[in-house]
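**Q** This structure is in structure tokens; I'll ask about it shortly.
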Amino acid sequence: SPVGDNLCSSALITSCKECLRRGPQCSWCFKEDFLEEAGAGHRCDLQVNLLRRGCGPEFTENSDVKVDVNATVVDILCAPGSEASFVVAVKQLPRYPVDLYYLVDVSASMQENLDHLKTVGVALSLRMTEYSSDLWLGFGSFVDKPVSPYINVHPTKINNPCSDYEIRCRPAHGFHHVLSMTGNMSEFTRVIKRQRISGNMDTPEGGLDAMLQATVCQRAVGWRPEAKRLLLLMTDQPSHLALDSRLAGIVIPHDGLCHLENNVYTGSTRMDHPSLGQLSDKLLENHIHSIFAVEKQQYQWYEELVRLLPGSYLGKIGFFQSPNLIDLVVDSYKVRTQLPTLFSVSKPAMTKRKTEVGKETAAV
């Protein structure tokens, strides 16, 4: 219950939105480990109390930095059947927390591109300080469903698909979650440097399969509730679509759920690829914006794809070099934050009354 006159401090407040609704004096702490600290109490409190309890100003949210929409209430008088317009001013969030998950195709043709990714982490963090005070990165990889005809199932090829080239590479996999969200850029770089390529038989890859798992496996990936969520898929090939798995005798539709064991997708050989509608629903449901980083020969294929995935962004880059990838992420973030979407969550409240001259009017 509220303490004294402090309406902000209450165990019943469980979200930032609910906290800020309590009044302009209330602030919300989105620091990840805040509740684990001794005496941290609740995330919602007066700004001065949060600061005193160890939540720095860069981790606090209040009505001064929340998206500001004016006017919040509009009264319109108009005759039945007529139209009316009004102006809404929107002020964007400054320096909001950002979660970016790299989902990378590690088939053999991506070897050089994977090398370029090794220098992205720290450089991107420095560039994004202009837009966000709190950038976290995660990483996962994919190839394709580890079953014929997508991979070579000869015993010598299953464990090392690259044996013909006298190099050692990792087995093919549908999705492997490698690194949960972290603000440690050095750790991100170390993880990328340890990655090895894999291999498969056909040209399309299992990117959409992996995207759905990275989207719905919230706990494993570590998506933060209060962060802008970006999912970046890197590939140089098109992706398999729903029903493609029938070539391998897989006819069970995807159930849209998380199937990770030891960070490896276990449903790859049991269920079909997700449909675009299914993937779109999960991205929207989990508030995740998708970014496709593809090489130029695949632009046209992915241009058709992103039209069916609301909120997605296609990056037209010639090479997966560090500056190009950083520009892609920054441009996508700017598009996502500079083009707010206004929508009505309920029908306008309508009240009718008679005017002095007997005409019926409506107040919205």
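Using N, Cα and C of the backbone, Cβ positions are placed for all residues, glycine too.
According to TrEMBL, the feature domain 'PSI' maps to 7-56. Summarising the annotation, TrEMBL assigns domain 'Integrin beta subunit VWA' to 15-364.
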**Q** How do the residues of the domain 'PSI' (7-56) split into helix, strand and coil according to DSSP?
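**A** Helix (H, G, I), strand (E, B), coil: 15 helix, 7 strand, 28 coil.
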**Q** Can you work out the mean pLDDT of the predicted model over the domain 'Integrin beta subunit VWA' (15-364)?
**A** 82
